[in-house]
Amino acid sequence: MAKSTILVALLALVLVAHASAMRRERGRQGDSSSCERQVDRVNLKPCEQHIMQRIMGEQEQYDSYDIRSTRSSDQQQRCCDELNEMENTQRCMCEALQQIMENQCDRLQDRQMVQQFKRELMNLPQQCNFRAPQRCDLDVSGGRC
């Protein structure tokens with residue numbers, strides 16, 4: 001009798017642990033799909049343009065430094081405004097950064113440019129006064145970048 005009571009208690013404990021794990025997993029999936037919707041909703045173009053301007057340096061030689069600086073600053077502000085429309089969570093910020101990387105991957109001409117882009121991209125949250133993701137894999141699937 002004591003053995004069956006212990007067995008029933010153990011079985012109940014396993015079921016509770018499994019249900020708790022499933023609930024946590026569903027919550028994570030819900031967070032992820034919420035982030036995906038948010039990333040789809042915001043305009044990441046200003047962020048892409050801001051980072052490309054930073055890594056390309058002087059693109060138009062006839063522009064004065066002040067004009068280029070103002071344009072880059074405007075792009076950064078527009079980028080930060082767009083990112084501010086999303087939840088400031090590690091997961092959502094990482095998904096936004098991943099999307100920017102994926103969108104610009106084909107424009108990055110060599111390995112050095114890819115590394116510069118990733119560095120600037122990881123600095124973007126701090127530039128906007130957001131929390132930076134602790135871990136964020138910016139490698140694009142398919143090995144393109």
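Every residue gets a Cβ built from N, Cα and C, even glycine.
According to Swiss-Prot:
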SIGNAL    1-21  signal peptide
DISULFID  Cys35-Cys92  disulfide bond
DISULFID  Cys47-Cys79  disulfide bond
DISULFID  Cys80-Cys128  disulfide bond
DISULFID  Cys94-Cys136  disulfide bond
DISULFID  Cys105-Cys145  disulfide bond
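Location within the structure of each feature annotated in Swiss-Prot.
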residue: Cys35; record: disulfide bond; contacts (Cβ under 8 Å, 6+ apart): Met86, Glu87, Thr89, Arg91, Cys92, Glu95
residue: Cys47; record: disulfide bond; contacts (Cβ under 8 Å, 6+ apart): Gln75, Cys79, Glu82, Leu83, Ala96, Ile100, Leu124
residue: Cys80; record: disulfide bond; contacts (Cβ under 8 Å, 6+ apart): Gln127, Cys128, Asn129
residue: Cys94; record: disulfide bond; contacts (Cβ under 8 Å, 6+ apart): Pro133, Arg135, Cys136
residue: Cys105; record: disulfide bond; contacts (Cβ under 8 Å, 6+ apart): Val114, Val140, Arg144, Cys145
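Cβ contacts within 10 Å of Cys79 (disulfide bond), excluding its own Cβ and spanning all protein chains shown: 25. Once Cβ contacts within 10 Å are tallied over all protein chains shown, the disulfide-bonded residues Cys92, Cys136, Cys145 are led by Cys92.
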